[in-house]
Amino acid sequence: MSSAYSKTVGGKLQLKGGLSLKPPKKHKHKKKSKDSSKKRERDAATLDSASEPFELVKVRGSGRLLSSGTTLMGQVGSKFLQELHVGDAIVIQHPTSLVEETRIVRMVLSDVSASVSSAFSSDLVSSTPFYYIKAPPEDGAQKEEEQEKQQKKRKMDEKTAFGTYAGGTEKGGQYTYRVKKSGAYGGYAIIKESNISVLTEMQSQAVKKAVSNSSAHDATRLRKFLEAGRGKTMVLTGAGISTDSGIPDYRGPNGVYNRNKDFRPIQFQEFIGAHTYRQRYWARSFLGWPKILNTQPNGSHHALSELQQAGAVSSILTQNVDRLHTKSGSHSVIEMHGSLHEVECQGCGQVTSRQSYQETLAELNPKVVKWSTEHPDKETGDVASSDKVNPDGDVDISWNYDDFVYPACSNCGGIMKPRVVFFGENMPAATRTNALERVSDANALLVVGSSLKVFSAMRLINHAHARKIPIAIVNLGPTRADELCSLRIDKPCTSVLTEVADLY
């Protein structure tokens with residue numbers, strides 16, 4: 001990788017393009033005039049980018065690098081921290097270290113929302129040597145008047161710890177800043193792991209190493225949490241744990257609610273109250289069931305099974321209805337919302353297997369069987385299909401349901417319903433009591449892949465918190481219990497759990 005400057009001439013850094021920059025000097029603390037400030041702005045040099053410049057994912061302000069860490073203060077610092085996630089790589093563009101040709105990548109290792117001023121202290125971040133990275137310069141230089149207007153618009157106070165704003169633009173919600181002159185100021189760039197490929201090879205390796213170090217640190221912290229539970233750590237899982245198996249969640253980045261803004265799951269009263277709703281549900285479920293039946297556990301399920309076998313985890317409470325925990329070999333699993341693998345009569349309570357019910361549906365609907373044979377992507381819920389399998393096991397389709405036939409209970413003629421808790425339906429009292437008892441008996445509670453938006457799950461969290469039971473959360477994205485947990489890991493659960501299982 002080429003250097004950010006070519007050589008040193010006469011005590012100045014000779015930059016590419018004929019620009020030069022003096023090394024930082026020690027100055028006495030004295031009041032600086034407005035004229036000298038404007039002169040500094042006119043003389044400020046924009047540093048060259050790396051040999052392969054790229055557009056940064058996010059850049060937030062410029063802050064002061066202190067010996068004890070990086071202090072972010074004021075409005076920009078607060079906004080920066082609010083958008084920061086555990087596991088992000090932060091490139092600190094620090095002009096004073098230009099002579100040494102080093103930059104620092106810092107990986108956020110824990111929640112930084114508690115304290116803005118101490119968020120980047122050494123116990124919260126890890127560092128590794130890095131090289132100068134900056135966003136490519138814009139086409140055409142902006143006039144100072146335009147820069148000043150942008151400053152006022154963003155209410156940037158030059159008297160704060162951020163120093164002088166270096167100019168830049170805001171495009172698509174992303175800010176771009178340029179480092180100006182020398183001094184103890186720099187820019188902070190968040191680089192997501194998915195964007196590593198756009199970096200140079202040397203940069204990529206540095207970021208990957210930082211990501212790896214952060215993941216290892218997360219695994220170590222979670223192992224300590226499990227060890228403190230002394231074999232009585234109960235796990236609560238949500239839809240996020242099954243996304244790597246191809247079953248979408250509801251509220252995740254690729255969840256059903258985000259993919260289809262008009263999506264509305266069927267309500268319990270709708271299913272019970274109207275034949276047309278049941279027709280629609282069973283027709284869609286008929287096409288979605290093969291996908292659910294053939295879905296296999298992923299690394300997260302297997303990791304929890306291994307942790308259970310190792311004695312680190314006691315029991316598992318799951319909000320999911322896919323039965324993947326049981327498939328992975330886990331035991332003592334409570335399916336809080338039931339399972340799609342069973343169908344129950346709402347009259348006499350007779351239970352039959354979903355696969356057996358599927359065979360009956362096939363016998364009663366030969367035209368649909370023929371249609372699904374001609375459209376295998378619809379039956380399997382293939383990702384290339386416009387008809388996606390939803391978390392409740394049905395498929396979005398657009399044909400008429402009027403001719404679809406579904407059987408009543410063979411015992412009493414009652415309504416047959418999947419043995420799952422529908423939206424608007426209460427969890428069975430026995431299941432609720434069992435779950436609360438398991439939580440009360442636990443020494444620790446680990447939440448995996450759940451935003452805890454559903455009350456039945458959040459109730460367990462409140463139950464544990466009231467009894468001072470430690471709570472850890474592994475979930476990509478915010479949850480309702482972030483303020484109640486003692487350990488928060490904002491990452492995909494598979495990568496974290498598999499690393500923890502490897503430690504046992």
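Cβ coordinates are placed from backbone N, Cα and C, and glycine is handled just like the others.
Model, not experiment: these values are computed from the prediction.
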**Q.** Of CYS345, CYS493, residue recorded by TrEMBL at the NAD(+) site of GLN319, ASN320, VAL321, ASP322, GLY449, SER450, SER451, ASN475, LEU476, GLY477
**A.** CYS493
Q) Out of VAL321, LEU476, which of the binding-site residues is least crowded by other Cβ atoms within 10 Å? A) LEU476
Q) Looking only at Cβ atoms, how many others are within 10 Å of the one on HIS337 (active site, proton acceptor)? A) 21
Q. If you count the C-beta atoms lying within 10 Å of each candidate's C-beta, which of the binding-site residues CYS409, CYS493 ends up with the smallest number?
A. CYS409
**Q.** Pairwise C-alpha maximum, in angstrom, for the residues (GLN319, ASN320, VAL321, ASP322, GLY449, SER450, SER451, ASN475, LEU476, GLY477, CYS493) that bind NAD(+) according to the record
**A.** 22
Q. Neighbourhood of the Zn(2+) site (CYS345, CYS348, CYS409, CYS412): other residues with Cβ within 8 Å of the Cβ centroid, in order?
A. GLN346, GLY347, GLY349, GLN350, ALA408, SER410, ASN411, GLY413, GLY414, MET416
Q.
Using a 10 Å cut-off on Cβ-Cβ distances across all protein chains shown, tell me which of the binding-site residues (GLN319, SER451) has the largest neighbour count.
A. SER451
Q. By CA distance, which of the recorded positions (HIS337, CYS345, CYS348, CYS409, CYS412) lies nearest to CYS493 (NAD(+) binding site)?
A. HIS337
(Q) What does the structure give for the C-alpha distance between CYS345 (Zn(2+) binding site) and GLY449 (NAD(+) binding site)? Integer Å is fine. (A) 31
